[in-house]
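Participant: After the structure tokens below, expect a handful of questions from me.
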Amino acid sequence: MKTHPQAILLCVLFFITFGLLHVVEAGNQEGFISLDCGLSPNEPPYVDAATDLTYTTDNDFVQSGKTGTIDKELESTYNKPILQLRYFPEGVRNCYTLNVTLGTNYLIRASFVYGNYDGLNKELEFDLYLGPNLWANVNTAVYLMNGVTTEEIIHSTKSKVLQVCLIKTGESIPIINSLELRPLINDTYNTQSGSLKYLFRNYFSTSRRIIRYPNDVNDRHWYPFFDEDAWTELTTNLNVNSSNGYDPPKFVMASASTPISKNAPFNFTWSLIPSTAKFYSYMHFADIQTLQANETREFDMMLNGNLALERYRPKTFATGTIYFIKPQICEGGQCIIELLKTSKSTLPPLCSALEVFTVIDFPELETNQDDVIAIKNIQNTYGVSKTSWQGDPCVPKRFMWDGLNCNNSYISTPPTITFLNLSSSHLTGIIASAIQNLTHLQNLDLSNNNLTGGVPEFLAGLKSLLVINLSGNNLSGSVPQTLLQKKGLKLNLEGNIYLNCPDGSCVSKDGNGGAKKKNVVVLVVVSIALVVVLGSALALFLVFRKRKTPRNEVSRTSRSLDPTITTKNRRFTYSEVVKMTNNFEKILGKGGFGMVYHGTVNDAEQVAVKMLSPSSSQGYKEFKAEVELLLRVHHKNLVGLVGYCDEGENLSLIYEYMAKGDLKEHMLGNQGVSILDWKTRLKIVAESAQGLEYLHNGCKPPMVHRDVKTTNILLDEHFQAKLADFGLSRSFPLEGETRVDTVVAGTPGYLDPEYYRTNWLNEKSDVYSFGIVLLEIITNQHVINQSREKPHIAEWVGVMLTKGDIKSIIDPKFSGDYDAGSVWRAVELAMSCVNPSSTGRPTMSQVVIELNECLASENSRRGMSQNMESKGSIQYTEVSTNFGTEYTPEAR
């Protein structure tokens, strides 16, 4: 049998509860949603006699479907919530919409009983979605007539609205009998990523009872299991304290199973489907025997032959829960947990209960919530009753709402609505004010309806809007001048006979701020100007071609920037640069490029002016690269270029001013370190990651930054992060193209060792550098420190983790004010980013998703007192009956 006591990192987490952390009285159903699907809306809420749970009709939570009842001969088999059902003969996707608390773990359970409601005696198969992602395939074949098919999942909400959708996949008509949501404590059932799909939940007893609410305050269902050939049962009538956050029912913890043979192991096996699935397990222990002075119960825990936890001693009459902090896999999908008595133990191991969940990753992000709220308001305003207008508006793409187009190009950014077409939809009333909240809208078509009132001025404020078609309505009044004068907008107001349209402005506008006929004049003028410019350029070319350029001098011709520069951004003269900086009065900083000065443009806009020093390690090539990159990329997390100066030997870049300096200054304490708590640091790196992900996936061609570090992450007055310093940036090849062989460039410590060794550049080089940044914000340690046993930060953190010393790497300035799970996830993410092999590193898209989940976890953290010790890949929670004391394991 293999033993690897240091193969997996251990973390031991203790909850001091004083019996008060999770007080939920029987009968308290706060936050519960219990829907009897198909119950008549005329029936009031009722209390189910079997469970004391209050159920209501689902009528207010779903906009489609018909109701039915199971065969009367089967009614005696089921509780009342199962007797009715809702079925969906129309449409492909039909959804329930439920209001939830953002960032909260919910146990979500859907139950299905066909019950021959239609008299056809057939099996059903359809898909169940949670938001835009597949949750489960529902097949009633096994339980065709008299069984309940149940799907359960524990899911952390990413918005204030949760949608559960039934998807028709073939000839079967989807059905549902009940839908239940139960909020859980946020510090329980956490995952690194994804959600937990229920596999089984057993308590080890000879009892036949299924335990649920009110015995379980969270309404989990516990099923008995007992191996008669290998186990014997222990029971107690004494009180067992089960309040450890997971709070298994007292009835469950009042019994336990132990091997019949005193020296035999306690074994439990199960299978995973598919065999490659990852899982989390939660084992609940309590020693329910009063031990004598000469008695000891101590055991090791093995998973698939590997040592996971040593010398565990269950507390007497108090509950401990052991679980993995990282998802596990089993070879061939066959899993076995063994509890082995140690040499010190006089008693065999025992266990009360085990829960196992498989991990489901949900890759699709929900549509931007502002857009969702806006389109729902528009739907309600006009009473749009399209069958497809259910669930997420944009994703999955095959279920996108009719009349919408969305931008879902970036997997790390929520999709946004860019096109709304409600033409010929029998709309009445005024133009809905909610349209102004679709801030990414590019095309709006409300033509051929019966809209009245005026053309609202807010349409001119939609910056992305390129096309508005309001033709064929009954609009009246004057057209706002701001709308008529908006450049780049194509406006069609034809057919509105009551509309006051000066100068024929109701005719389709050309998109350049004037009518189509004006375009002819513009084209003529532009054509003449183009001929003059081309002629002049040809003459200059013939003159300069005759001149020779000395080898040791860069000519002004060869130094010319891309011609697009002068048309896209302002080019400043050197005298203007001197004026804006007040003769270079205020220095903001110094870098490899040169000095950076404070300045103002037009006596209003603050800017940062970076001057190229003649002795700079960077030169005109880097200057040109940075200007040309910043002129073609625009992202909220990339520093914006206001302009540049290229006059003789005077080269400068004029950026937007970042009032809070760079991240490194704050990490060193130069700018007031009290602001940089864990949440703020997470927010900064999450935003920086979004900027870097845009360079990799949003640019054409995609770009590698090549110099990601804390000094190149700048912060504005609101501590919004923006990536800066693009002088070393290079494009990189797409998959299938030839790799780029470059001269190695970057900053020591942050430089990808694989890139340094091979000279082959790809986007994973940035991922490595970003991993170093992550380690900096977690540890607040220098990247290179020769006084450490391992000078480089990645090697040092790796050694500390191998020793199980997590506390030594976390910045003590946090003072324990952080979500332990989010810190662990960030550490593991950082270590995956600095994998020596680029193929083992995540993409920046994956990094963004992981950091956003860490941030969501930190944001949803509640005030629970807890201490953290490093012990490995297992966490466990203990409750002592002597309130105010902690259980501490032996040192390894």
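Using the three backbone atoms N, Cα and C, a Cβ is placed for every residue, glycine included.
Features from Swiss-Prot:
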- 27-523: topological domain 'Extracellular' (TOPO_DOM)
- 375-396: repeat 'LRR 1' (REPEAT)
- 423-444: repeat 'LRR 3' (REPEAT)
- 447-467: repeat 'LRR 4' (REPEAT)
- 545-892: topological domain 'Cytoplasmic' (TOPO_DOM)
- T573: phosphothreonine (MOD_RES)
- L588, G589, K590, G591, G592, F593, G594, M595, V596, K610: ATP binding site (BINDING)
- Y655: phosphotyrosine (MOD_RES)
- T742: phosphothreonine (MOD_RES)
- T747: phosphothreonine (MOD_RES)
- Y755: phosphotyrosine (MOD_RES)
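Describe the structural context of these features.
Facilitator: Listed by sequence, the residues of this chain that lie at least six past the ends of the repeat 'LRR 1' (375-396) yet keep a Cβ under 8 A from its Cβ atoms are 63-64, 90-95, 129, 131-132, 163, 165, 364-367, 402-404, 406, 408, 415-417, 420, 422, 425, 427-429, 432, 434-435, 437-438.
The average pLDDT computed over the repeat 'LRR 3' (423-444) stands at 96.
Using a Cβ-Cβ cut-off under 8 Å and counting only residues 6 or more beyond its ends in the same chain, the repeat 'LRR 4' (447-467) has close neighbours at 418, 422-431, 433, 435-436, 438-441, 473-480, 482-483, 486, 488-490, 492-493, 499, 511.
In the three-state DSSP classification, T573 (phosphothreonine) falls within coil.
All protein chains shown were included, and the count of other CB atoms within 10 Å of the CB of V596 (ATP binding site) stands at 19.
Counting every protein chain shown, the number of other Cβ atoms lying within 10 Å of the Cβ of Y655 (phosphotyrosine) is 23.
Secondary structure at T747 (phosphothreonine), as computed by DSSP, is coil.
The DSSP secondary structure for Y755 (phosphotyrosine) is helix.
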Participant: Sort the modified residues T573, Y655, Y755 by C-alpha distance from V596 (ATP binding site) and give me just the closest.
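Facilitator: Checking each of T573, Y655, Y755 against V596 (ATP binding site), the shortest Cα distance is to Y655.
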Participant: Using a 10 Å radius around each Cβ and all protein chains in view, which of these recorded positions has the most neighbours: T573, L588?
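Facilitator: By the 10 Å Cβ neighbour count, L588 comes out on top.
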Participant: Of the recorded positions L588, K590, G594, Y655, Y755, which one sits closest to T573 (phosphothreonine) when you measure Cα to Cα?
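Facilitator: That would be Y655, nearest by Cα distance.
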Participant: Go ahead and report the DSSP secondary structure tallies for the repeat 'LRR 4' (447-467): helix first, then strand, then coil.
Facilitator: 5 helix, 3 strand, 13 coil
Participant: Determine, using Cα-Cα distances only, which of these modified residues is closest to L588 (ATP binding site): Y655, T747, Y755.
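Facilitator: Nearest by Cα distance to L588 (ATP binding site): Y655.
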